[in-house]
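K.L.:
One structure is given below, represented as structure tokens, and several questions about it will come after.
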Amino acid sequence: MSMDIFLQQLLNALSLGGTYALLALGLAVVFSIIGLINFAHGELMTVTGYAICFALIWGLPFPLAVIAGLVVAIAAALLMERIAFRPVRGASGTTLLLTSFAVSAILRVLFQNIISARPIPVSIPSSMSGVVTIGPLHLGMIQLISIVVTLVMLLGLNLFLHRTMAGRAMRAASEDFAVLRLMGIRANFVVATAFAISGLLAGVAGLLWVAQRGSVDPLMGALPVLKAFIAAIIGGLGSLSGAVAGGFLLGFIEVILQAYLPDSLLPYRDAFAILLVIAVLLFRPQGLLARKTLVKL
Amino acid sequence: MPRIGIQAVKGTITLALPLIALAFVAEFFLPAALARLATLYLIYVTAVVGMQIYSGNSGIISFGHAGFMAVGAYGASLLTIQPAVMSTSLPDLPVWLAGIAGGQPLLVGMLGALLVVGVVAALFGLPLSRLGGAAASIATLGFLVIIHVTLVASADITRGTQTFFGVPRGVSTLTALPVALIAVAVARIYRDTRGGLSLRAAREDEIAARASGVNVVRQRFLAWVLGGLVSGAAGVLLAHFLGAFSPKDFHFNLTFLLMAMLILGGISTVSGAVGGTALIVVMVDLLRRLEGGAEVFGLQLPQVFGLTDIGVGLVILAVMYRLRDGLFGLREVDERLFPEPVVKATPPAQSGASDNVSLAIEGVGCRFAGLVALDDVSFAVRPGLVTGLIGPNGAGKSTLINAISGVVPPSSGRVLLNGTDTALVPVHEVPTRGLGRTFQNIRLFRNLTVLENVIVAADAVAGPGEDSRAAAMAALAVVGMQDLASRPATSLPYGAQRRLEIARALALRPSFLLLDEPAAGMNPAETDALISVLRQIQAAHRIGLLVVEHDLKLIMRLCDRIVVLNKGQMIAEGTPEEIRANPAVIEAYIGKRRAAA
């Protein structure tokens with residue numbers, strides 16, 4: 001394989017894996033605090049896509065449309081928490097899971113009825129869809145942007161969690177929520193922050209997804225978030241670094257399968273990817289970077 | 001041969017009668033459209049009951065059972081498809097398959113499909129059953145996607161995303177009925193078998209289930225395969241009811257529908273699956289009529305795409321917000337209406353543990369990332385005697401208990417139970433080899449009855465033909481709790497919960513019993529009752545007790561031997577008198593000032 005094809009594949013893997021990583025990270029942030037696997041995370045992506053799409057239709061310049069999309073994503077995540085998930089806070093994981101499953105399905109039907117069941121095109125600036133030529137290499141612009149954005153988000157979140165008061169409260173909450181509340185930190189604040197972060201991460205992932213595909217539809221978020229679920233378990237549910245690792249791993253597996261599977265087997269790619277990843281669980285049932293949980297017997 | 005209890009038979013009949021009545025009324029008295037609805041209902045009951053077998057007993061929500069239905073549907077339809085249609089619709093069928101495909105009777109299709117479903121379920125069950133909780137749920141979702149992708153990709157066999165047609169439509173109410181009845185019987189009987197009960201115990205508390213001898217991974221695997229077969233059978237019926245279908249008919253929308261059916265009635269019971277399915281089938285049928293923009297009381301309603309999905313979603317939310325255990329709650333209808341009478345048992349004149357049992361702690365040390373929690377601890381727990389383990393906070397008592405029970409193997413040294421190193425056997429085998437335990441923070445199977453709590457442990461050691469129920473009642477008699485046998489464990493007062501844990505451990509017929517702070521949080525009266533129970537156990541059963549306690553008075557009253565730990569070191573061992581007089585113990589445990597005084 002020539003150098004630039006190899007590099008292109010590497011970029012593909014990094015950008016796809018990065019998107020999965022952002023999504024899985026958003027899931028893990030919420031899971032680590034309240035034990036919810038948010039099925040409706042994908043709908044946050046979709047909402048972002050629609051927000052960007054309509055902002056552009058209304059004539060906002062692209063950067064403002066992106067900001068609008070992210071603001072809407074965060075607002076939607078906060079609303080979701082307030083309306084749908086607060087009534088079941090503290091319930092079993094099963095209850096939380098089913099609640100979010102229902103929320104996700106209802107939102108999809110609403111998108112189909114209120115907006116459209118068909119994909120709506122989004123006009124992405126041509127500067128984002130070009131090819132960058134570095135010496136002999138031709139690399140996709142959008143992949144490069146994805147990678148940079150992913151890295152910035154990961155670094156930013158890391159700084160937030162370690163350097164700010166709110167971030168430290170979040171990390172403490174993921175260790176032991178009850179004790180944190182005894183310290184006088186309001187539970188609602190911590191949970192809302194977690195949802196805001198997950199909304200932002202879903203928004204960025206949604207932006208990157210729309211930028212690659214150029215359209216939005218009601219089911220846009222379903223497939224990538226499904227992959228992110230799987231990435232999150234592989235990493236070890238609730239472990240933030242595990243979610244990122246799992247996301248990149250899944251991205252690499254998919255790109256490698258895409259590149260090396262014979263044509264006759266290519267349609268099975270997703271099945272192979274999920275199987276490979278689940279096979280990991282045979283050897284590490286707790287995931288790659290499991291959270292150390294101390295169970296008091 | 002699985003255990004078929006009288007209660008399970010009663011339950012099966014209770015649920016079967018309405019289904020039989022419905023089928024006959026539908027077949028002979030109702031118009032065709034309603035008869036079709038009744039058939040569909042019976043098919044969905046089969047599918048949901050299959051989910052209930054896995055999800056209801058393990059507590060793990062499954063998104064995968066629509067996948068089993070898909071495998072069943074395609075598997076059977078390939079065998080039964082009309083040969084004339086097959087030659088045009090599936091021209092690229094692989095040779096090995098073309099030889100057997102087409103023209104077979106429905107029963108052959110069913111058996112062939114279930115064979116495939118069983119293999120698929122077993123293969124995926126291997127990794128899946130090692131997972132619990134949310135991770136397992138997501139893995140079942142992965143299973144659904146794998147099945148879907150595979151069906152779409154295998155276009156030579158399935159026609160890919162295109163409709164698979166030409167399947168003989170032979171399923172009526174009376175064909176679906178026997179399958180639904182078998183499904184209900186299998187699920188209801190399974191619930192009360194050793195496997196079903198122990199899986200329900202693991203659902204309530206996995207750690208306590210392992211400590212009661214339950215092989216959780218194996219039970220999850222069996223329930224996954226059994227439930228898969230039942231749902232697969234529903235898929236076979238659905239295919240031969242519809243006659244034509246495509247992979248998307250067995251994807252998220254179906255999963256969503258099945259989920260609502262399961263949780264509306266209540267995931268824990270077969271009754272809930274049967275009842276909840278009925279309500280959702282009726283609701284969905286009504287909503288479908290509205291979806292097309294029907295006229296209600298002269299009002300023309302607009303067309304709403306996906307109204308049924310919204311309805312189903314709202315039902316799920318309503319159940320989650322208001323009624324988490326579903327309409328039927330945690331007990332089966334038969335268990336409420338015709339409970340099995342509790343027959344008191346007399347505690348057996350047990351010969352007790354034989355003399356050639358031993359529990360030896362040999363040079364046990366535990367290190368956690370540089371922290372030495374335990375260092376070179378050696379002593380023996382003697383059969384028929386009470387050994388106390390005391391020490392100030394942080395002395396390493398809990399670490400030692402976990403090492404002895406095999407939960408956290410020691411980093412050095414070993415624990416020999418009747419000569420076997422407990423670190424080398426699976427955690428769930430340590431209890432059945434003669435070491436029972438209780439927990440510092442009570443770990444009961446909260447939503448099982450008192451009797452069921454104990455039966456789980458009795459089952460783990462029961463030989464073929466032995467009556468675990470009687471053995472469990474006998475164990476309850478030892479702690480004086482026979483009268484409470486049919487109460488849910490969670491409804492017991494605190495002291496009784498502690499005693500129930502002891503009864504559960506006793507039902508393992510242990511040679512040694514490890515009690516982790518049994519008197520913690522008890523009032524003096526409860527503590528006295530506890531002491532008399534422990535004395536009785538010690539006297540009647542010759543069990544060696546190892547008691548960890550903070551309550552020094554209790555330890556001094558109860559124990560024959562005492563081991564003292566401090567900062568990970570064993571600083572003394574001896575009779576209560578020796579320990580009371582040991583200056584090192586007084587200094588470490590009671591404090592220097594008191595020691596001087």
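Here the Cβ of each residue, glycine as well, is placed from N, Cα and C on the backbone.
Automated prediction, rather than curation, is the source of TrEMBL annotations.
When I checked TrEMBL for this same protein, it listed these features:
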- B:12-30: transmembrane segment (TRANSMEM)
- B:36-54: transmembrane segment (TRANSMEM)
- B:66-86: transmembrane segment (TRANSMEM)
- B:106-126: transmembrane segment (TRANSMEM)
- B:133-151: transmembrane segment (TRANSMEM)
- B:171-190: transmembrane segment (TRANSMEM)
- B:221-242: transmembrane segment (TRANSMEM)
- B:254-284: transmembrane segment (TRANSMEM)
- B:304-323: transmembrane segment (TRANSMEM)
- B:359-592: domain 'ABC transporter' (DOMAIN)
K.L.:
I need to check the long-range neighbours of the transmembrane segment (B:304-323): which residues 6 or more away from its ends have a CB within less than 8 Å of a CB in the stretch?
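P.N.:
Distant contacts of the transmembrane segment (B:304-323): 253, 256-257, 259-260, 263-264, 280, 283-284, 287-288, 290-291, 293.
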K.L.:
Between the transmembrane segment (B:12-30) and the transmembrane segment (B:221-242), are there at least three Cβ pairs closer than 8 Å, leaving out pairs fewer than 6 positions apart?
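P.N.:
The answer is no, given that the two segments have fewer than 3 Cβ pairs within the 8 Å cut-off.
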K.L.:
Top stretch among B:66-86, B:106-126, B:221-242, B:254-284 for CB pairs under 8 A with the transmembrane segment (B:36-54)?
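P.N.:
Most Cβ pairs under 8 Å with the transmembrane segment (B:36-54) come from B:221-242.
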K.L.:
Quick test of the contact rule: Cβ under 8 Å, at least six residues beyond the ends. What residues does that give for the transmembrane segment (B:254-284)?
P.N.:
11, 14-15, 18-19, 37, 40-41, 44-45, 47-49, 51-52, 55-56, 59, 61, 63, 65-66, 69, 144, 184, 187-188, 191, 200, 308-309, 311-313, 315-316, 319-320, 325-334, 447
K.L.:
Using a Cβ cut-off under 8 Å, which residues of the same chain at least 6 positions beyond either end of the transmembrane segment (B:221-242) come close to it?
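P.N.:
Distal contacts: 39-40, 42-44, 46-47, 49-55, 57-58, 62, 64-66, 68-77, 80, 106, 109-110, 113-114, 117-118, 120-122, 124-126, 128-129, 167-171, 175-176, 179, 182-183, 186-187, 190, 195-196, 199, 249-250.
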K.L.:
To what whole number does the mean pLDDT across the domain 'ABC transporter' (B:359-592) round?
P.N.:
88
